[in-house]
Every structure is written in structure tokens, then in C-alpha cells.
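Features of the protein shown, as given by TrEMBL:
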COMPBIAS  456-468  compositional bias 'Low complexity'
DOMAIN    273-319  domain 'B box-type'
DOMAIN    328-357  domain 'RanBP2-type'
DOMAIN    373-403  domain 'RanBP2-type'
DOMAIN    612-654  domain 'UBA'
DOMAIN    734-968  domain 'RING-type'
DOMAIN    738-787  domain 'RING-type'
REGION    190-221  region 'Disordered'
REGION    455-487  region 'Disordered'
Amino acid sequence: MSGGPASVQMDEVRRRSLSLLSSSGNAQDVKAEVQTMAGIPLPLSEKYRQFGVEAMLRENTAGRNRQEVLESLSRLVKALSILEKYGCNLTSPTRPRYWRSVKHNNPVFRTTVDAIKGGRRVLYLYGYTNQQVDGLSFPDEVTEPDAEKVAAVTLEVMTLRTEVDMLIKGTHPHLEHFQDVIPFITQQEKPVSDSADEQPVDKPEVLSPLPKPAQPLKPSTGSPVASDCNLCGGPSSLVCPSCDNQPLCDACDDLFHRHPSRANHKRDKIHKTKPETCSICGISSVHAQCSTCVQRLCRKCDLLFHSHPDRKGHNRTNITPAKTSSPSLSPWECSHCTTVNEMRAVLCATCERPRLATAASNVQESLMSVPTSPNTEWQCKSCTVVNQGSSILCEVCERPRLATRPPVAPVLSSPGSLSDSGTKWMCQFCTYVNTKPALVCEMCNLSGKDSPTGVSLPLSLQQTPSSTKDQSQPVTRPQPKPRLNTDLRRQKTMREDGLALIHQIREAEKCGISPEEVYAAILCSSSNNTKPCDWVTSELPHLLDEICAMAASVQLNYKAGDCGIQPTVVRDGEEPEQSSVPGEGVKLSRAEAKLAWLAAGGDTDRAVKQLLRDRQHKMKELHSLGFRDSSQSEEALRLSGGEVKGALSLLQRPLLEPFHQRIWTDQPEPPIDPKNPDKQRMCRRLLALYDLPSWGRCELVLSLLQEPDVTYSLEDVVQAAKESHDKDFIRRLLNNECPCCFSIFPRSKMQSLTSCQCSVCHECFAMHFTVAVRDKHIRDMVCPVCREPDINDPEQLDSYFSTLAIQLHECLEPDVYDLFHKKLTEHALMKDPKFLWCCHCTSGFINEINENQLKVTCLSCHKSFCAQCKKPWESQHQVLSCEQFQQWKRDNDPEYQRQGLAGYLRDNGITCPHCRFQYALTKGGCMHFSCSQCRYQFCSGCNNSYHKTACKTPPCSYTGLHAHHPRDCLFYLRDWEPTRLQELLKMKGVEFNTDPSAGTQTDSCRVMEQKDEEGLQVDSPCGIQTKPGQAGLCEKHYREYLVSLINAHSLDPALLYDAHELTRACERYQVDTQRGENEEDDAYHARQLKKLMEVPLGEKVPRNK
């Protein structure tokens, strides 16, 4: 057929096949079209348009002889069959549930598609383009596969599988298209001859399947009848089509087919028809047929029936049973994957399904193979270990529960051990390598497929001359050898060997040795008793040097033709010696040799070949990338330990040096000019430097910077543009006025507290809190704008300071931040009942001394004071209580007596009810006192707290600054005249002073009090002119003196209330003021006074005597 019509036919068949496959997704629908396309004589490049078939065939058919090429093609057929299933699943209207991903840990995928080169490229063409950790998947944006594209690729995969299958079977009609792609495809097999001068035959030979094993010779005694065994002469039950339809009994078949060359033979059972019974007795089988009386009789009935004189002349014919014919031995096609198999094959070569299995039977078989209970023990089909029912993988070989027996690879002996290749063989059941020729394995006592073919048959199977049959000795029929329970012994041996290997691997992992190295070391050190770890440490470096030397020698001999050039073996970490002739030194490293040695499984010769093959591939890859200097490429590969990426980096470094020098120059980067006419360049620089989300944001930044009267910087505009794309919103972000300095700042340079919505600039924020920490109390650390939050609320105070500490850490200096933490710590310690303030200095500490001990010493100033009255410690206080010591001071201390009532008022000064800090100040003046230590605001007369907002007292609704004072508080009594206060004291018999003490200065009041001077609170003398009869004090402090006596003796001032004051006091303290009908004033006032006096006096009022 010419090229033109062939191309037209190919296009027509392809178009018809694509239509069928894309609509149905069933491979059976296009089976005939695929066979037609496989037989069309076209070059591979014209026949296959979706992927490179020639490259795939070259990559997967690398071999030294025709046998290896044939095995590679068989693996390729299996992989193409799996790829075909993936494609059909994608094109099918009912796709599988997990069609979007392909897992690498799938054992079928790993042993088929991943075992060939180019398999993942086909999956990429299907649409599996997203690389995952455990496999490949479709991209997230793809919801449906491209049915036409997948169908086109799948059709070519099916066509290629069919053509490769025809090549393996030797039935391909057009081998000329493959002779330049697949090696040994047309090579004539050379006959074995001792003459070296014999020329090969020019006639090409078609690549044929594996040669069949030699058939056993038929015995010389002639062929027995079908009903008799061909070896022992007994009744036969089986017939072997591969042995020329020889009938065998069960015992002879078990012995005869143990031979490895006959282990794969398929035997068919002889279906014997039920013998016809006698027409008279109906029990015995028919022996003869009488044509006269038309009777079929057995031997006994025939003798009796025809002994009658009338029937002696009847003509009888002996009946011989018909032979059972053997089944058809023609090639058969798998009903699942449509692969045409050999006639003697029992399982499909591609999917390994039985010969007579159908699609329905496969499903039924898979369902029947599942255990009825998940807890039932199951036997592994690979290593025959009995596992627990709950396990999914085998405990020994780790194969899945439902996996079939893996194919046993033949043992490849090294070139130097050709003499042992005929004696060593691997058992297909336990994989034990037997060293002696035998019919059964030494380990598991089972016949193996890989046993040597030269083993002679046992004496029971050897044929004797025909003369022996005439002897009178009875013929002993061979009996099958009783099978011992070898499974347990084999499993025990395999488990012990496996545990020993696991122990060696774990010991090696502690030394940093991989399991692959351990396995290869065991194979190399099997001749001695050296441990694998010791062998890897001591002997492996020398072996790697030997592999490098052998590989270098082979490569040099190939290049130089054995001209005597010495190879260059480079050890890791050493510099290579310079060769006398440039380009003649072969540079190999231990790292490459180690990888090749591990890939070869510890075989030195295979490692040398693998090392040369890997180096050749790496050199070709570097050559394809443009690096044609072989010496530089080899040196780069040596320095990188055989890594192509590392070698590529080393080779590219000199080429990129000018570029690196240009980009890493010390010249500063030119600033971005918003008025530059090259707008695209400015946008590209903005994208590269500031990581803006889009090109439009870059244009927005440039437009804002180009506006007139712009005061903000480029960084501020970029930061604002990242938050929004609205130009008006960005302008609001860039124009924010600081309420402290009234400057304009962007929102990114403003800072606010969590307690309010006020925002100030970073500079004002840091300055405000720096001054507050250094010069003020910790309760002054509030918002500089709204003075929030309320520090008197303990719950709000704790949460506020926890977040404030995080904000201040970024804006305060380290020493200021440490001072803030110190004050915050003192504020927390004040809540401890054992916390004391020193009366000599402003330090506080935790008093860990016994509570009964009055004397304490400050840890800062090391001065002592009383823990209760907070007075400086004196020795007289040791045996006196605080009241007794105070009275002793009044009576015996001249200095105290000289101060007079000013000293009394100082000693009975203000004590903070919150932190218990004592002030030597009077209570006169403003009653609203703020503690300098804890900033607690309270009344100095009754110690009740002041409230700036609504308090928690239920009847109170006042929202301004206020405190709930009792009626005996100085807040109310300071308005009384001294004579009225003296009258209350005289009523209760309390003495008081009216004259000053001797030596006391009486021109002005010397009582210390807190005053506001230029915005600061300072302690200074009162300085007001004194009056006679007021004990050397001003009228204000004399009233305070009298009120202190009233409070000390708990006198109720209600006794001196007039009618108006009594009514106001009852209203203030919620006393019932309802007047009775016709009730007189005196009785009404008396009843009001009685109810008012039931209201207790102030609980927190100081009552020092």
C-alpha cells in the first residue's frame, strides 16, 4: 500500500475510533479499528501524533541481547494496558469516584507505569498535570477531563500496545518501521559454532517469543492406550497437551511435572463418560452388543443369555470405550484486557487473569475471594505466611491481602561465575537460592519453576527397555511422596531470617547506614562473618575505588584503544591529578560509584556498567544543554557527586558572573519617580519592590503621587494602596490629624489604645507614656486625649495594663520600659495584705516577718519603723503598744511637746485606705484626696472613695464627682463653729486644749498640708494667722482637732442638730420623715432623732486616740 492511501485510511479509521471511544469509553468497541490501525504500513512518526512513540520504545528497550529486549517489551505491554485503563475510565460516561488523582503508592501503578520510562508523560497528556506529595492529579480548576484529547491519546496507547504485542509474538507484518528503534528486532540469531570465521546470515529473523522448554522423549515401548498412564500403566486421570497429550495418573503427574522445564504445563482432566450399563442386570458396564437380539450385555449376562441353544449362533460385537479428546489448544484472547495469549498460557500475560474468566466471573471471583469475616486468618499468596484477620498487609513481605503472587525474576549471575549459572536456581515459593540441582527446594521442600533443567528424573520415572516388561517381577506403581507440614518450618525460618535482617538494619541506621547498603553489604560479605556495618565502614571505600578504577579503565580503553593511558580515580574530598594529555583523565567519584553499586544490588560488574551508563546519560544531558566541553562537564559532575543539577550550577556560574556583578554592584538603586514618562517601567519596579497585588494598584499609587500639593511619602501611599483600591478611602487613610501635635499623618503612622477610639501619632504616643512612666504614677497612664479608662475599676485596670504592656514594648526606650514594669509590679504587690510602705522613703516591700512583731526594716533604706502605726521605731516602743507609745511621746518627748497640736495632727494624718500609705498631713482644706502612691481617690475625713461617674450604691443616681460621707465625717463637721464642737465634747465629758503648748510658735499655723503650686502637689505649712483660745492653730485646723476628738470617742453629732439639719440628715440617709397626724413638733423631732441615730456612724472614719 502506498503512503497516500495508507494515510487516508489511517485518518478515516482514527476518526471513526475517536467517535466511538469518546462516547462510550469501552475498549471493546474499538477493538477492530485498533487492529486495523496497528496493521497500516506507516512510519511511527506519522501514525502516532500525540506522544513520541519512538523515544518511548528506545528508552524502554535498552538491552544487551534479544532476550532482554523481549522482557522489556513485555513490561511495556503491561504498562500500556494500565494506561489504557486510565484513559478508558476518563472517557467513560460513568467515571470512577476517584478519577481525579493517581496515587504513586498503588502497587499496580508502581510495578507497571512507574517501572517504564515515559509512563508519566502519558498521564500528563491525559490531564494529570498537578504534582502532589503522593501522586498526580487534575488541577483544581478543571472540573471535567478533555474527552477528545484523552480519547486520542488512549487510542494511540491501545494501538501501540497492539503493535508491541504483535512484535513479541512475531506476527507484526511491517517490521521495517521498528528496525531503527528497537535493537535486535531484525538480527539473525547466530548458531553455536566453534568456528570464529563464520559469517552471519543476512536474512532477518522475526523477533519470536521465548523458546519453549525441551519436550521429554516418549518411551520406546510405544504409546499406551488413552485410559492407561503413559509411565506406570495405571488408570489415567490427566492429559498434558504440552507433552503430546500424554495421559498420566495423579502420582506420576505430581512427580513428572515437578521438573522446572515442565512446571508451567497446563494439564486437562479426562472427562470420562458414564459407562453404559447392561440391559439385563442394569449394574455392570456393557461388554458386547448382539445385533440379532438387539441387546447390550455385560460379560456375565452375555455368557448366561447366549448359552441358550437357540441363541448360540447370534453375532456379538465387543464394545471398546471411546477415548476422551483433549480440549482446544488454539491461541485465546483475554476477555478483560483483549490481549491475545499463547495457547498454552493459563493466565493472561497482561492482567494475569485466568483463561476462562469473563467480566462477570472476574467480579464474582473477586467477591468470592474476599473472606467472609474480617477476623478470619488469611495466607499470603506471595510468601504463604498466615496472618491475622485484622491485618491488611503481610507481616513478612508487606504485600496487600488480595495481591496475587508476584512474578519471580530469574537470578542473573555475574559474568565471572558462568560455571555456577547452571547449578544455582531460585525457588518460586520461598525465593531461596538453591546451590545444588534438585527437584525440590532445600528450604520449603516444594518443586520450583527455576530449578535447573539438567536434573535427571528419579528412578521411578525412568523408562526401562521393553524386555523388562516380560519379566515376572511385579511392576510397582509409584506413589506420591507424602507431603510434610513444611509451611510452619518455612515460615519459622523466614521469620527468623527476617528478624535478623531487621535487627541488622536498625543497628545500621544508628550508624547512618541505609537499608540498601546493608542488603548489598550482606551479599558482598556473605563469604565471611563480617558484620554489614563493619564491612561498609572498612571495605566499602576500597570497593568503591575499585569500581571507579574499573569504570575509568573501561572508558579509557574504549576511547584510547588501550593505548596505555592511566585512569584517574578521584576520591571524595580530594583534588584530581592533572593528566599529561588534556581531556584524557576520566573523573569519577565515590558518590557516583556508591549509587551505581546500590542500584546493582552489590554486584561489582553490574555496578561498573551502571556507573558508565549513568555517566553517559548525564554527559548527554549536559551536552544537550549546551555544555560541549567534556572535561569541564566531567569535573563538574565529580565536584557535585554525580548530581546533574549541581553540575549545571557549577557550569553556569562562570557564565552568570557578569550578570551577578552587574546586579550586585554597590551603586544605589535609583528612586522611583512618579513623574517619569515611562509609566510601565515605574509600575514594574513598584511590583518588584513593594509586592503590590495588581498592576492597577501600581497605577493608582502613581496617580496619587502625581496629585498637586502631595505631602505623603511613597511608602505611605503603597501601604494604603495595599488595603484598598478606592482612591477616596486611600486619601482618608493618608490624611489623619494628631489631636496632640495637630500634624497630618497616614493611618499606618497613628496609634491608639484598646480602651478608646482616639488615635495619636507614634511620636506623641511615645512621649506621653515616657513622661507618665518617669514622672507620674502608673494610674496616670491613660489616653492623652480622653483620659480613659477609669483606673478605679480593678477589673478594667488589669485587662488594660495587660494590653498596654504589649504596645509600650515597641515604642518606649528599654530603661523606661523597665521602669514601667517595676511600677506595674509594685502596683500588683500592693494588693498583698503583707505589703508595707516605708515611712522613711517611698519604697514598698512584702513583710515576711511574724505578724506579732512590730519592728520591721525597710529593704531599701534599711531604717526601721512600726508595722502598725507606721511611726519611726524607738526603743521605748518595744514594750509599749502603739497607743501607749503615742501617749508616752506626748508626755516625755520635748520636741513633740514643742510642736503642740500640729504634731498631734501630723501623727493622726491621712492614711490611704487602698495602699495603707501614711501621709504626715492634715485633713483640712479640700477633702478630695488623691494618693500619690496608688492614685486612689478618697475622702480624707471618712476614707470613702470618690466616684467620677455613677456609683454602685443602689439609691444613688448622681453622675458627677461625689462620695457618700457619714454624718460624723469632717466633710460636714468642718462647717460647725468651734464653740458648737466644744459643746458636743463637753456634753460627753471629753477634754480638749484651748491654749498652745509652751515654746510653740503662735504667730502662724505650722500644720503641714498638701497644696497645688504651679500644677504640682507639694507639702508645706499652713501659714494662716492663729486666734486666741484655739491652741495655737488656725480656725480650720482647730476645727479639725476638735473633730478628731469627736471621731476618736465615736460621738454622734446628731445630738446638736436643729430641726432643719435633722430633716436634711434624714433625707440624706433615707430615714422615714413622714409626720403623724396632729403630731407636735417636739415629738416629731424626737422620733426623727431616734430613727437617725439608729443609722450607724462611718465605718472607715479614723478613730485614733
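Numbering starts at 1 and runs along the chain as it is shown here.
Using the three backbone atoms N, Cα and C, a Cβ is placed for every residue, glycine included.
All TrEMBL annotations are machine predictions without curation.
The domain 'B box-type' (273-319) scores a mean pLDDT of 81 in the predicted structure. When DSSP labels each residue, the domain 'B box-type' (273-319) comes out as 10 helix, 11 strand, 26 coil, counted as helix, strand and coil in that order. Residue counts for the domain 'UBA' (612-654) under DSSP (helix as H, G, I; strand as E, B; rest coil) come to 34 helix, 0 strand, 9 coil. The DSSP breakdown of the domain 'RanBP2-type' (373-403), given as helix, strand and coil counts, is 0 helix, 6 strand, 25 coil. Secondary structure counts, DSSP: the domain 'RING-type' (738-787) has 20 helix, 8 strand, 22 coil.
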